[in-house]
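What TrEMBL records for this protein:
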type     : residues  : note
TRANSMEM : B:23-44   : transmembrane segment
TRANSMEM : B:50-69   : transmembrane segment
TRANSMEM : B:81-99   : transmembrane segment
TRANSMEM : B:123-141 : transmembrane segment
TRANSMEM : B:150-167 : transmembrane segment
TRANSMEM : B:179-208 : transmembrane segment
TRANSMEM : B:229-247 : transmembrane segment
TRANSMEM : B:253-269 : transmembrane segment
TRANSMEM : B:276-298 : transmembrane segment
TRANSMEM : B:356-377 : transmembrane segment
TRANSMEM : B:398-422 : transmembrane segment
TRANSMEM : B:428-450 : transmembrane segment
REGION   : B:457-478 : region 'Disordered'
């Protein structure tokens, strides 16, 4: 009977071998896949198992961690002034995932990033608990608060940039939300989440980065820059050849002006009172392709603007006809921009034509505050020459001093700006968006702040007055806050 | 070491008893689980577990008793079986204790039953009881051949054990499988014991009928088909295993009993055709049952695509979620594992400490740990097969290979099930899983193997000098 016994022993060996092969397959070959599957709650359990590092503004953490009981997740995220900072931090929720900085810097915040390997290893020997690193932002808390307060109950957004470096100083979106409300995974959290997710006001949307609006008349500064750059206008005070009424090229549609005195008005005057006809005419003369060229240098049509949170691409249509291009030159038709984009336009002009890459993470640190990675200012492009930039600056200052933007005036400070009221909706029936872009200038000619503000659903319907009336005070409040804190 | 030569056909080669080797190995088998226990305590609570000394003493005492009994009553037994079983049992206790500490499982139990009761103390109690039974078997059963007398009684006993869960009022339907009975507050899985009793019947029956089955057959299409009256019992057993499967929803046990029978039949008759016939029959039976039984069908679809079926069925995915969770447990363990007490295998849910205990090994000890465990099981099987090879009587050979084969099949079915290699059948991992019946039955199994190996390795008594030795040739079956 020994021969079959040997065969049976071989068979038993094969059974064990099959198990050995299987375990190698799932624990070695497929391990990576299995351990990171979306169904695998361990990923999130680990994410919330240790105290998360913080997001820091001006030396103060705006986030925190709280211990939760009776849950798979040990720590829960807390936020100080959640609604104020939500557009910057995004949220980290045990049940609903994470977004924006919380998501992008997750490796640093949880302490799992490869660059923290040594900290983790040392911690293993010293018995210290694993800790997360910190993310230090460039934001200016005073500017952020000023913008948030000034926007108040309006639906809208504001973005402020330091034109010299590209550092984001304020990033506000209203109505906002408190990420603390759904940071856990309880029934209350779920209720808050559903309420916010389905809210008519789209509270969870970061309007400063993730909503594009027709920029309206604020786009005229781009058209002005293009006209100067491409030699269509040599001197800003020379009259242009714009007739009144002006018909869109190839059509019988009149480009209506809300301002008076636009016939053959100079570029300077046209920007001051915001003549539609003059800029439509100039845009047409510059031609579509060159308009696209300049707009793209300012950052339009770029879907990779990461600060590091990605902003939606702003649009200047590359394929429209002559009449579309003329309309687009005054920020209507297919033109659309995020508040950040318009802040970048303003910043480039204020910085003498040099567009700095916008960023909001200054540096990230290890748990013991060693700097792991520091952002260095980078030039992104040069949409216009320094000489032309100064010409546009002169015109923008004129707008604030004597034009539609007088509400942004600050005593003893040189301020340049541009108002905008963008029509939208079918037949332009919906309430227009009020825009304002501006920058403030130091005595030495450099500019510490450029800001763009948009307010949806403005009550007024007259072009420019509303932009100047509603949005300009917000921009002013931000500029004042920056000037005060930067002394 | 002395070599005794004599004139009988049975070689009386005295092997070293190896009792001291066994003692030394037992030392390791006790110390390793104690370290494991300390490790879990440190990982979960940051301090050495309070019961550590007691646990160490308890396990050590049990191992000591078992060793002394073997030393006294089974002097020549295989020295590896006892330490291997002790090691597995000890580590199993640690695994169960570790899962007792899981908040998740405690909350789950409170939600489902209103209260949570830890399983480790029960398991310790059952282990003590099992060692007592182990000693009892070795004390009472001086020679395994005695069991031949109980061939037909065993058959009846096995049938009774298997059918008990179907008795109204006694059987309990737990999570779809009717394989438990409840007596005076205790749940017993009679199938675990039936495994051993059935092996006695098979061995006894086949030893008697092997020639008839092997030789009195007609050749048909290259296969040797036996006569109907010899074929009868295998058909009865096959039908029985399918009936168990159908009425008790117990795919694992039916596969196990049938597989064990085919293995023993093959060894007894040395005819490969039995393997072919057996395979055809089991495949046919399984296909028919899988297409008619919803319970088995669900297991099969959970095996084919656990994640997809989990997603499709949402909240009531049950089996699919278990399998998916189990596979993710293994995957998350990776090569080196998360470390004792630091995994999340409790995500699997209520079966984490019974059917799915091997997933905890997978996650917390990783590929390395799983392979080590599989090799320990492999070694037990190997020692069992060796015992069968060494046994000198056909009954002992058949009995030993039947038990070892059943053990191997059980390991394969359970581990393969939780690793997603084959459909899950809901059996227990011997020595590891929480559950009294399993621990008791498997210690009895080890006791029987030790008894057979003792008999096999025992030197034949020196024959009395016989005046006829020169003239008479004694011919005995080998």
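Glycine is treated like the rest: Cβ placed from N, Cα and C.
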(request) Would you confirm whether the transmembrane segment (B:81-99) and the transmembrane segment (B:398-422) meet the contact rule of 3 or more C-beta pairs below 8 angstroms, pairs 6 or more apart in sequence? (result) no
(message) With a cut-off of 8 Å between Cβ atoms, can you find at least three pairs linking the transmembrane segment (B:428-450) to the transmembrane segment (B:23-44)? Only pairs 6 or more residues apart in sequence count.
(response) no
(request) For the transmembrane segment (B:253-269), find every same-chain residue at least 6 residues outside the stretch whose CB is under 8 Å from a CB in it, and list them. (result) 162, 179, 191, 194-195, 198-199, 202-203, 206-207, 209-210, 213-214, 234, 237-238, 240-242, 244-245, 275, 278-279, 281-282, 285-286, 388, 394, 397-398, 401-402, 405-406, 409-410, 413, 425, 427
(message) Tell me if the transmembrane segment (B:398-422) touches the transmembrane segment (B:356-377). I count contact as 3 or more CB pairs below 8 A, with pairs 6 or more residues apart.
(response) yes
(request) Go through the chain and flag residues at least 6 beyond the ends of the transmembrane segment (B:123-141) whose CB is under 8 A from any CB in it; none is fine as an answer. (result) 55, 58, 62, 65-66, 69-70, 73-74, 89, 92-93, 96, 147, 434-436, 439-440, 442-444, 446-448, 450-451
(message) Could you check whether the transmembrane segment (B:398-422) and the transmembrane segment (B:179-208) come into contact, where contact means at least 3 Cβ pairs under 8 Å with the two residues of each pair 6 or more apart in sequence?
(response) yes
(request) May I ask for the residues of the chain that lie six or more residues beyond the transmembrane segment (B:229-247) and have a Cβ under 8 Å from a Cβ within it? (result) 159, 162, 166, 178, 191, 205, 209, 212-213, 216, 253-255, 257-258, 261, 265, 281-282, 285, 289, 292-293, 296
(message) Can you tell me which parts of the same chain pack against the transmembrane segment (B:23-44), counting only residues 6+ beyond its ends and a CB-CB cutoff under 8 A?
(response) 52, 55-56, 59-60, 63-64, 67, 79-80, 82-84, 86-87, 90-91, 93-94, 97-98, 101, 339-342
